[in-house]
Every structure is written in C-alpha cells, then in structure tokens.
Number of protein chains: 2
Amino acid sequence: MGWGDLGAFGEPSKETPNLDQMAAEGMLFLDFYTANPLCSPSRAALLTGRLPVRNGFYTTNGHARNAYTPQDIVGGIPDSELLLPELLKKAGYINKIIGKWHLGHRPQFHPLKHGFDEWFGSPNCHFGPYDNRERPNIPVYRDWEMIGRYYEDFKIDLKTGEANLTQLYLQEALDFISKQQASQQPFFLYWAIDATHAPVYASKQFLGTSQRGLYGDAVREIDDSVGKILNHLQQLGISENTFVFFTSDNGAALISAPKQGGSNGPFLCGKQTTFEGGMREPAIAWWPGHIPAGGVSHQLGSVMDLFSTSLSLAGLQPPSDRQIDGINLLPVILQGKLIDRPIFYYRGNELMAVRAGLYKAHYWTWSNSWEEHGKGIDFCPGQSVSGVTTHTQEEHTYLPLLFHLGRDPGEKFPLSFASEEYQRAVGRISGLVQQHKATLVPGQPQLNVCDQAVMNWSPPGCEKLGKCLKAPESDPKKCSWPH
Amino acid sequence: MGWGDLGAFGEPSKETPNLDQMAAEGMLFLDFYTANPLCSPSRAALLTGRLPVRNGFYTTNGHARNAYTPQDIVGGIPDSELLLPELLKKAGYINKIIGKWHLGHRPQFHPLKHGFDEWFGSPNCHFGPYDNRERPNIPVYRDWEMIGRYYEDFKIDLKTGEANLTQLYLQEALDFISKQQASQQPFFLYWAIDATHAPVYASKQFLGTSQRGLYGDAVREIDDSVGKILNHLQQLGISENTFVFFTSDNGAALISAPKQGGSNGPFLCGKQTTFEGGMREPAIAWWPGHIPAGGVSHQLGSVMDLFSTSLSLAGLQPPSDRQIDGINLLPVILQGKLIDRPIFYYRGNELMAVRAGLYKAHYWTWSNSWEEHGKGIDFCPGQSVSGVTTHTQEEHTYLPLLFHLGRDPGEKFPLSFASEEYQRAVGRISGLVQQHKATLVPGQPQLNVCDQAVMNWSPPGCEKLGKCLKAPESDPKKCSWPH
C-alpha cells in the first residue's frame, strides 16, 4: 500500500472512511518510512528494530539489489536476532501473528520459534497458483502446522479477483482480541495481512465497490476491517488500553498499475526504489484517551520505531547488546515532541539515500535496469526525472543529489551543487553518513542462496492433510535478484 | 493553486488548518473543475456561468491556444454577457470584487460596468516591475479609479518575496462584510486574490513559515485569511446565512516549480494543460447549519456552477435567452444528490477532452510545443506519458485516448481501443460531444488583438495621483499565444 492510498493522504476517491476516522481520532504521520522498499526486509526491520543490513535481510549477490523471501530462499531470520514478541513475552504478553510472516519458511525460522505464541497465515506471498510439481502452492499455517494451501484450500480466484483471505484474517483478529480480553492477558497482535499485494483480491462483498477497481476494492476491505478491529476494541472496553498503529511495508507497486497498482500520491516512483514513492508510508497511531485526537506529526518515523515504541509501552528496555535503529516515538505521540534523527534508505547492501530534516541526499540512484525496463517492468510509470530515475546504477557519493522535500516532495529538482544551501545540507548529512558507516556492522546476509529443495513441499502437518509433496534434489545456488 | 495544495487534499506538509477545518465543517468536492486551464477564461466562465468559447474569452489566432488578458489585450468581457453580480443586483445584493478582475482593463470592461458595486484590486496580474515607458505598472483600483500601481504604491519585493497584498485584500473583505452586516443588506463578495500566482509573495508574518518555501508561505497566508473570513462571519452571527465556496481558477503552474510552484497532487501536468493537473481544483463549500459537516462529494462540478448555484441561493432564475453551462449544485450540497453531467476541457477554441462519470476521453493532446519546451518551459516536469503529454498537437478525434480516472487518476494508462469498456465509454462520450457541438454557438473571440496603446497608461484617476503616462501610437496586431 502506498502513501497516497488513503483518503486522509489525498487519494482522490476518498474511500477509506475508517482509516480516515482513525487518523481523526489519533495521530497522522506524514513523514513515516519503511526500512526497505520491499516486503521481507521491511518486516524483519519492524520486528527487530534494526536495519536489514544489520539483521541479515539483504543480499550481497549484487550491488544494491532488492531481495526477499520467495519460497526457494534458504535463509531467514537468524536466531541471534531478538524479535519484538520474544521481548514482549518477558512482560507477560501473548503474541500473535496473523497473515504473512515472510521472514523465512524453513523450520528454524517458524514464527513460533521467534517469540510468537500463535500464527494464522502463510510464510510467503500468496503467489500462484502453482502445479505442486515445479513449485508447491504456499501453505497456510495455524500455529505449528499447515492447515491447507493457497488456491487449493484457501481460494483465490485470479479471474474474478475474489478471495476471502482478508475476512479470515479479520475474524481471526477479532477472535484473538476477544480471547485476550476475556483472559485479561496483555497481547501483541501483528496483523500482517497479504492484501494489497498482487495478485490483488477482495472478498465478494467488496468486489466492484471501489472507483479504483480491484485494488481499491482491496483497500476498502482493509479499511473496513481496521474499522471493525477498532470498533471491537471499543466494544470490549479496552481501546484506552490498546495502542494501535497502521502502516505499510513498502510503497505501492506501480508495476501493477493501473489494474492492480496503488498510489504513492505526489511522490516519485514506487516499490523497489528508494525514491519517496518507494519508502514513505501511510501511518496512523491510535490510542483513545492518550493520543490527542486529530494530531498530525512531521516526525521522521520508521517501522523500526514500532519495535522501540512497543517495548516502551510494555515497560521494557530495548536490548543493549546490539545497535537498535528504531527510536521510542512515545514522546512524539503523547507530547507532540520532534526528535531529530535521520532516515536511511537502503537497497540491498547499499545506502542509497539519507534524509535529515527536509533534505534528502541521494548517494546512489537507480530505478531498474534498462534490460528489465525493456521488458516492460517500470517502477516509475509516466515519471522520468533526468539524472534521477536512472536505469543504470549511478553513483553520487562525491556529489550527492540533494532535494528539499518541502518545496519539492516529488524529487524533481535537485539543488544546485554550488548553492550555499547545498553545501550546508550535504555537509550535515555527510556527517551523519560517516557516523552511521563507522558504527555499522553488517549482519550475515540471509538472502543470497536459493534452493528448490527448500520450497514448501512438506511443511509440518502435511501428513495429516495428505498434502506432503516430494522435494527435488537439493541444488543450492545464488538467488537471482534483478532489481 | 492546485488540487494538491491543501492538507485536506493530501499536500504532505499539511499546512492549511483553516481550509481543512472549512472542509471538515462543510463539503469537500473531489471532482471539481475550472473551465479552462488558465486565469482569465476561467474567471469569465465563473462570472457568466458559460464556457469561454461562448462568452468570448478565447482566441482563434491559433488552434487550441490558451489566451488571457495581459495589459495589451484589446478585448474584454462583452456587454452582451450577463454577469452574476448584474443578476444578483435584481435581488437586492450589493456586489464587491476584491482582487484580480482579469476580464479586460479598458473602460468598457470595468467591473462596475458589469454589475459590481465596489472594487478593490487590479485589472491584470501583478507582473512587473515595469519601467512605465515600455510598459506601465499595473494599477490598483478602488471602485472607479486607480489609487496607485503595483511595485510603486503597493510594494512587492521580488527579492525577499514580501508583499502585503493578501493582508490588504483580507482587511477589505472583513470591512465589507462588517458593513453589509451592519446595513443588513445581502451581499456577494468575489474574493479574487492574486496569490498564489507568480511572482509569488507573502506578507512578512508568513515569510519563511512554510516547509514548502515561498509558495507555501503564500498558501499559508491564504489559509489564514480564509480562516479569518469564516471566523468573522461567525462572530457577526451571519455564518448560517452566508454561503461560502473556495476554489481556484487553474491547476498549479508547474513551470514555476520548485521555487514558486504548487502541487496538483497525483494528477498529470499543470496549468495550461487539459490534463487533470491543469483543471481539477480544490473546492470546498461551507454553510454552517445547512451543509452537513464533513461531507464529501464526487459530483462533477465546475466553477460555472457557482453562477447557477448563487442565483438559486438568491431565489433567481438563470437567464433563459442563452446557453448556461453551469448547473445548480444545491441538490448536491444540501441533499447529497449526484447529477449526471459531463465536463468539457477546452483549450482556446478546441474541445480537448470530455469527462463523463469516471471516464475521460482526450480528443486532442498537447502539453506545449517542442520549441517552447526547448526553452525550458515545461508544464509537466518529471512527467512524461508516451502519446499523451505530447509536444505536438495530436488529434485523436477518431480514436480518443480514454482513461478511467478512478483506476488511473494520473492519466498514465490509456484503455485499449479494442476493449469492450472502451467501446462503451467512448460511445457514450461521443454522443455527449455531438450534442454539445450541435448546439454550440461560439462567441466573438475577445482575445485575438493586442495593442500597446491600450495598456494601463492612464487609467481613470491617474490625474489626481500624477500617475498618467503617455500611451504610444496605436498599433493593433494579432496577439501571440505560444501555449
């Protein structure tokens, strides 16, 4: 989902009354970022509070290449990483993940081995349908074991766009919340639904209801679901005791436009890129009775801050034996403070850009390769900024491209290298980069090796269902990451 | 000002609390249009309820060329046109224009000859400073006579961006409203301020206060002024008896970006073009006690509707001896109805595009000429859609380019000519076009002839001020309209 997909963020169809209401009752973050312009690394960053380059969710197979966890990935979240639910457990929290895990699907990466108590959802994206010979369909788990597979037991009709998944994930969330309220146990619910990822779907009641087509139907279903979750918290009388945060793991994927593509509002390009469209996200904090209604914040925020903020809410300290990139946003949310901190835009193993204040310096620019672009894969459809949306990886480390995101949120007009403003801003950002690089200890890259043998052939529980498939011979090789 | 310039429309700095509040208390129009992608024709359309091609505010000097009223224009609003204030007079309204008139500056075009009772402002844009030899500075009028000139008596400091004009126009509005309230006379106030037109300015208290630079400072000052006007109406106890509408006369001029350019949100291109960025406008209706708070409308609206709506509010009928293009929006505003009507996008003498429902068909596309583009004049900076943002005038009358503005608000993905959806939508729009063209009687074009002799050399009142200048010999010629 992109920054521009909600009515509150200027989507012209204005079809998200519940999320808009959530913002009106809570705090809207206008300058909130994910940690990477795609799914797996962003989710790993959210749960560890650490940049993917630290927690291992990146590749060194190529320079500045995006990588994630398709089902032939060998790696996943290292045991050495401390995940938010592992820490929250110490304060008595029951932790549940509903939806897409995406931090590795081999046994050692199972979410219940990393702090979660319950899981309903899938380890990978809902790609498919597959033939279960070349490639198995993605399993859906309940806790330790699979209970079926996408397309087989959990229908997704790619022709009509109909699928009931968001409704299933919603019901699961409502039930979990009810259970926790009844047992008076504190909980952490990570509602990590698959929608609006392509192939886009919505359940029947939402199909055809949006001006925006199928993608809009999916957004409307998410909006409706969030409204139901918030309403449920209120009905149960625990809304003033429950902190809720809504955000996305990357900008809208414009390659899926117009049929399945979302909106990044006035920002440049989309998913896969380190331009604003790829990494600035819709973000809303909600906590009635604590967060003043109608608040708006320009705090530079990150999904990694949800790690530190959640720990703080639970009365816990972040781990002190490692670098944590997230900051505690409570002073921002509750007292309206602004904390001076940079945003680092990574693509794979490369620091592509840095934002400090309203300035953003690009050290490297790249949309995608000419080769991929020639195949019709376009991360910036209809947009082209000379020297900026480059199709070769362009290095600007000696003279970074600098933008003022207040005057030029669309990153169209680099500041003159000769200007005093440039010198001052780049001077400041260079200092931040030096500091960052000096203390950076990259983690072991987890997304380098792929192997058909590790795919979801025979997930735990497959025997009971008669759904075990025979894995091919192991043939590990470097994953191919074209972007 | 562009669609994307207000917080309520998704401007990422969200610096328009008063306009956002106005929307929250009133009705936000998301699909509201001006009648032409530039100033004079739009303003003529607003005041006559008629398309510029009918009321004469267009040129036939070239095909599909934008034209306006620079100070060497010979033409202006014809006597045969009936302006909103002329009609409102019959219902006892006192009519005032504050700000830019722009419907011709020669004596016969004076606003007080066309229904206004009072005027404080200028006949043309605040361009300059001029040397008063080649070209006189633009006069500022109070009612019938000039009281000074821009840059000379009404300072605009182009270096610092400081000018007090919006404050003057605000005070004038507050005073007029107070006077009308005191005398219990109904009034029509056309608050047609110059800001945010380039050269952009703001008064001292707003300079440097916006994240967006000088343009943002100007937007903030307008926002603050609107807040003060609405507050004044409330203080005087007449807000429930006063209908207020906020909109703009064209999309943000992206040629002025990034230093003085605004935002058209997710839409394509800007001022001068018939893409959405050039003609879709921010629009808010406000009338406490009548318009339900927080309303949002997808009614296809037009500035010309303000003519018909205002007449309806005053209990008057629109003239029956001519074609009126505006519709009465009261059923939309008060009862939430949706009226099926098309939007016609004209550029000069050519119908460039038509919107019906969510479909928009382009019969002609043009951004600007290669020649102008080569000079650095770019109406679509950073945007380029192959076959759409064309630099030659491209005719598509046999196979219009069709966009679905719900799925593709940015006009990036024309629908396939072969699709059933295309056939259906274009079929319907073609019918509307035929009907429109069959009944269209173009007015005498007013914007064809320019003459240095007609400039503001010696406006009425110049003698008293010692500000009369000698006009050069008359030398009428075809105006040059490069866009």
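Quick reminder: no glycine exception, Cβ is built from N, Cα and C everywhere.
It should be emphasised that the depicted structure is a prediction, and the values quoted were computed from it without experimental measurement.
According to TrEMBL, the protein carries these features:
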type	residues	note
DOMAIN	B:1-315	domain 'Sulfatase N-terminal'
ACT_SITE	B:Cys39	active site, nucleophile
MOD_RES	B:Cys39	3-oxoalanine (Cys)
BINDING	B:Cys39, B:Asp249, B:Asn250	Ca(2+) binding site
ACT_SITE	B:His102	active site
CARBOHYD	B:Asn164	N-linked glycosylation site
Cβ-based neighbourhood (8 Å from the centroid) of the Ca(2+) site, residues B:Cys39, B:Asp249, B:Asn250 excluded: B:Thr34, B:Asn36, B:Pro37, B:Leu38, B:Ser40, B:Pro41, B:Ser42, B:Arg43, B:Ser248, B:Lys271
Distant-in-sequence Cβ neighbours of B:His102 (active site), under 8 Å, six or more positions away: B:Cys39, B:Ser40, B:Arg43, B:Tyr68, B:Thr69, B:Pro123, B:Asn124, B:Cys125, B:Ala192
Separation of alpha carbons, B:Asn164 (N-linked glycosylation site) and B:Asn250 (Ca(2+) binding site) (Å): 23
Lowest local Cβ density among B:Asp249, B:Asn250, which the record lists as binding-site residues, within 10 Å: B:Asp249
Other CB atoms, at most 10 A from the CB of B:Asn164 (N-linked glycosylation site): 17
Alpha-carbon distance [the residue listed as 'N-linked glycosylation site'; B:Asp249 (Ca(2+) binding site)] in Å: 22
Cβ packing number for B:Cys39 (active site, nucleophile), 10 Å threshold: 24
